[in-house]
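Look at TrEMBL and you will find 12-33 tagged as transmembrane segment. Under the heading domain 'PAC', TrEMBL lists 392-448, 526-576. Residues or ranges marked as domain 'PAS' in TrEMBL: 449-518. If you look up TrEMBL, you'll see 594-817 marked as domain 'Histidine kinase'. Annotation comment: TrEMBL describes 843-960 as domain 'Response regulatory'. Sequence annotations record features per position, and here TrEMBL assigns 4-aspartylphosphate to Asp892. The region 'Disordered' annotation in TrEMBL covers 964-985.
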Amino acid sequence: MIPRRQHRNFSIAVWMATLVMTAALWMAALMLAHHDGEEAMERAERDTGNLARVVAEHTTRAIAEADQIMLFLSDEFHDHGPMLGEDVEWLFRRAVHRSNLLMQIAIVNENGDLAHTTVEEPFRIVNLADREHVRIHMEHPNVGLFIGKPVEGRMSGKWAIPLTRRLTRADGSFAGVMMALLDPFYLSRTLDILDGDTEGMVSIAGKDGILRARSGLTDKIIGRDLSASATLVMSRRQNEGFLRTTSAIDGVVRLQSFRVLEDYPLLVTAAYGERAFLVETKHNQRLYMMSAAASMLGLFGLALLATRQSARLAAAGRSLMDSEQRFRDQAETASDWFWETDADLRFSRLIGPLVPQTDRGSVPLGMRRDEVAFREPGDEAKWAEHQRQLDRREPFRNFRYQVMTDNGLRYVSVSGRAVFDGDGVFTGYRGSATDITERELSAQRLQASEARYRAMFGAVAQPIITIDEHGVVGAFNPAAERLFGFGAAEVVGGTLRRLMPAELADIHDSRMEAYRTGKLEPPKSGVREMRGLRKDGSEFPVEVTLAGWREGERQYFTGAMRDITAQREIEASLRRAKEAADHANRMKGEFLATMSHEIRTPMNGVLGALTLVDGPNLDQEQRRLLEVARRSGNALLTILDDILDLSKLEAGKVEVEPVDFDLRAMLEHTVALLQPSASGRGLGFSLDVAPGVPARARADVRRIRQVLVNLIGNALKFTHRGAVTLRAGLDEAPKPDGGFLLRFEVVDTGIGIPGDVLPTLFRRFTQADGSITRKFGGTGLGLAISRELVTLMNGRIGAVSIEGKGSTFWFTVLCHPAAAPEEVPSMAPSPPGILAPSVNGLRVLIAEDNEINRDIVVAMLRRAGHRPIAVPDGLQAVRALEEESFDIVLMDVQMPVMDGITATRHIRAMPEPACGIPIVALTGNAMPGNETEYLAAGMNAYLSKPIVSAALFRTLTEVAASRRRPDAASTHAEDAAPPASVPAL
């Protein structure tokens, strides 16, 4: 048997040896492969170098022979002039015919014309002055032998490599050029014979990079520029060399040697195809790798077999040792300890680590069980029955008793059976014992805890019910008995169906089934509301606080109940009170709307009539009385507007609408608006903007201007002499989000305000005293409205004053930097209410049920040059549009027969062009939200009564300039089908 540690060490050693031998194998294979590769490269360098040397010598010899002929001819030309003897010409013709390399020998005169040639074809004069190999001798007298680039013959059409020399006369002047043309394809065929390899290559190129000849030469590659190739680049540094290169012509990878000719500006290359040349080397290298891989697999297989065999031996050894250890453990630890007694029932053997000791610290060997046990009063019957079992030699199990040890009182559970020898003689008992002290104490604690829980469960004042996962009630405390009227005995063991209405009971049972089957996750906790059912059949609302818990494999739910009948009655009372308050608010709103309509409608007649009465024929007293009447009407409208503004604020229908605006322009226009009032009172009025105030800001500019106008109007009203100043500045440092507080102050030198009155200034319907109301007028709502508006804009408002010296009213507004300066709205006053000439003479349809208002609007329009037609209700307006065409409609909202909103919807449902006519609402109801309702119904604009002529004409100008688009009209038509009650329309 091999122990676990020995097996592990053996396995490590086997695998380490295997890895070492594998590494050695691979290293040897790689070294052999590398050695073969280096040998192959050396052989390639040697063979290609020898071949390059042979080609270089052959090329040098061929060029030298041709050059020797040209030198001889040059000497003859120098001695005899251009007229060569017949024997010389015969000699050179014979030389050409005998040489396969020489294609032609020719002479070009000083003008570049072909003068002599060995070609036997009919002679034709050809000018070759443009050829490089001719031009170079014309331009450079000192050039000797020149080996030109391959050229295509103009007469023969054949490629040739020109060798040229300069011809000179006796006086040294230029006489022409001697040429010997070599056949590149002959060189190519010769090189084909030399390379001897399917992918081999032999070539001749000039130092200028131009290919002269090559094995496998074709018309497409002759003359190719190879100056950028690795071979040409290396040849500029050394005269011979060896390299691995990829051909730019055919893409073949070759092992190549090159050699530069010593006497001529040429280099020759000789190369073998790498793939063909190294085929045997690659084969050997693959064999090395495959051998190493096979050896590695063999080694790994042997190592695996060895370690598996070692593992089997180790497992067998461990199994045997485990079996022995298991026997010892069972003897020492099973049921805490083993015991044996002799025939007198005295302990003869005790085995195990938890063998109890007596209170005197000794092991109870030689003692009987009843002598060791701690016997309590009342145990006599139990011990007598146990003694009878022993006397009958019967086996027993789980006999429980107590033992007093040095660790205190312990609870023990013993089991045993009688032992007989081979003759059937009783020799004693043998068995096991377990210390169950902790289990016994836990059971006692659990019983005590259950007793406490039941006492608390019965005493708690809140009803509590516990059910299991099957919906069976397990606990029902007295408070639950009082709530439902059932006794615990009536409910425990049953279900909750009798405690809830039938429809809820069905839902409850289905959910319990879903919890049991896993379709729904049981709730852990939560609060829910349901209906309970008392024993007397009455239902009541109950709030259940639910908690889910598990005990072993079973799920339980406990619910704490609370009767919420009184709470629901209080909520119902609060709901009724809220509904009554909402109704009161609606009634107040309806009253204010009615008051607005009923006051504005006659005021429209009064102020309209005053506008029409005004004319150049009135005397001074009549004008004064007319102005008194106009001021009185405007004062009444101001009171009405204040009440309506306050109603909007109370209803929460005033929203802040921030826009980007020019702050200084707004302040200057506000001052310009109120400057005439200040000048009429003989008061100074100035604007003071502190440094650092941004030029632009983003806030609700309309509400800021409203508060400023109110405060400045009050200052002008209560200042008899002196001046009023409007100041603007920053209240504190900018906020982290970029926001900043603007502070506005209105400073006057007026009557001032007593100190005890200042705290009440911003309350509704409050002024300094009653005499101010009688003397200066006003409702006392302006400052209250200002306070509400400033609060909406996240600001504060206040005042400081000294009675008799003046007051300063201030407020702050939270602003942000302007996001889009190019969209800052203009703060310029609205244009005067005069129609531009382009909209004069409009046909205007007026729908107004009040005859006085109808006559006044008609008179205003006629005076402005328009053509009005008036009808008394919306139905008449719809019919008028069906019969005639108009440019614009002025539509009262509240009319008999058909109101203005209904009439507008009918008009928008008409076909073109009637559906697109602009419609302006005329109404005395200026309550919040009305304008949105009118525009949503299809109206284009909104005018509240009394109608001011300037506002009327300005609205006409704006609306008439932008007729409704057909697509907008059709959209309203889809939403406004005429009701069935008006079939004639």
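Just so it is clear, glycine is given a Cβ too, placed from its N, Cα and C backbone atoms.
TrEMBL labels come from automatic prediction, so no person has curated them.
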Cβ-Cβ distance under 8 Å to Asp892 (4-aspartylphosphate), same chain, at least six residues away: Ala847, Glu848, Asp849, Asn850, Asn853, Gly900, Ala921, Leu922, Thr923
Reduced DSSP assignment, Asp892 (4-aspartylphosphate): strand
Counts by DSSP class (helix H/G/I, strand E/B, coil) across the domain 'Response regulatory' (843-960): 54 helix, 24 strand, 40 coil
DSSP-assigned states of the domain 'PAS' (449-518) in counts, ordered helix, strand, coil: 42 helix, 9 strand, 19 coil
Helix-strand-coil residue split for the domain 'PAC' (526-576), DSSP-based: 12 helix, 31 strand, 8 coil
